[in-house]
Amino acid sequence: MSVEKPKIVFVLGGPGAGKGTQCSRIVDRFQFTHLSAGDLLREERSREGSEFGNLIEDYIRNGKIVPVEVTCSLLENAMKASGKSRFLIDGFPRNQDNLDGWNRQMSEKVDFQFVFFFDCGEDVCVKRCLGRGQSGSGRTDDNLDSLKKRISTYNNDSLPIIKFFEGAGQVKRIDASPDAEEVFGEVEKIFVASGF
Ligand SMILES: Nc1ncnc2c1ncn2[C@@H]1O[C@H](COP(=O)(O)OP(=O)(O)OP(=O)(O)O)[C@@H](O)[C@H]1O
Ligand SMILES: Nc1ccn([C@@H]2O[C@H](COP(=O)(O)O)[C@@H](O)[C@H]2O)c(=O)n1
């Protein structure tokens, strides 16, 4: 008996591009489960007795990418615990270490579909994150100091990964600068055209 592998869509883009916002809309409209690597890391940071709490907080505050052994295990555990079969993996893979770790641990176990790339200018991203901080996100990285580091990590480490997938013809790019409603209109078209 062959068991179908879970379908995976990676969701990438700059900090504050609107990945989480669009993922929750996709979940409402299509049968996907949203797993945000950042959310899973923040949960693990706050979990009592976590051996990684301090390390994760240091990485998050400084906009650095946590070693993949931690993040990939959190993702795999969350996938298993959900019992679901379609996942939006938001904010991962963010650098070469993430991608290599995923390929070692997960790629054989899943049915990778494509990368959703929410493309958004730096100024808009920063403005959205600062706005989110002012609205009480409680995030320790929605401040200008952390944002400079997050943007630098995005440009140096994450964009090359998006370019790698682009070279393989696996990226669906969306202009993420319009309002959330308009962006979702484009997202919907891509999901429908992809058979979801
Ligand atoms: N298209 C949009 N237009 C204006 N504001 C938006 C748009 N999409 C999201 N926002 C707002 O911008 C902020 C960041 O959005 P969101 O959390 O979805 O981004 P993200 O890409 O998941 O960020 P991060 O990578 O930092 O977790 C939120 O306050 C959200 O309400
Ligand atoms: N693959 C990842 C994803 C996230 N992080 C860390 O979490 C921070 C916040 O991520 P968001 O996606 O919620 O913005 C990010 O700046 C990293 O420090 C990570 O290490 N690896």
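From the backbone N, Cα and C atoms, a Cβ is placed for every residue, glycine too.
Annotations in TrEMBL come from automatic prediction, not curation.
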Review point. Among Arg29, Arg42, Arg47, Arg173, which is the one TrEMBL gives for the ribonucleoside 5'-phosphate site where Lys64, Ile65, Val66, Gly91, Phe92, Pro93, Arg94, Arg139, Arg150 also bind?
Key: Arg42
Point to revise | Spatial neighbour of Thr21 (ATP binding site) that is closest, considering only the binding-site residues Arg42, Ile65, Gly91, Pro93, Arg139 and their CA atoms | key: Gly91
**Study point:** Per-region confidence, the region 'NMPbind' (36-66) (mean pLDDT, whole number)
**Key:** 97
Review point. Should we count any of the binding-site residues Ile65, Gly91, Asn98, Arg132 as near ligand 2, judged by a CB under 6 A from one of its atoms, and which?
Key: Ile65, Gly91, Asn98
Practice item. Quick one: of the binding-site residues Arg42, Ile65, Gly91, Pro93, Arg139, which has its CA closest to the CA of Arg132 (ATP binding site)? Key: Arg139
Revision key, fill the gap. Counted with DSSP (H/G/I as helix, E/B as strand, rest coil), the region 'NMPbind' (36-66) has 19 helix, 1 strand, 11 coil
Review point. In the structure shown, which of the binding-site residues Thr21, Asn98 has the fewest Cβ neighbours within 10 Å?
Key: Thr21
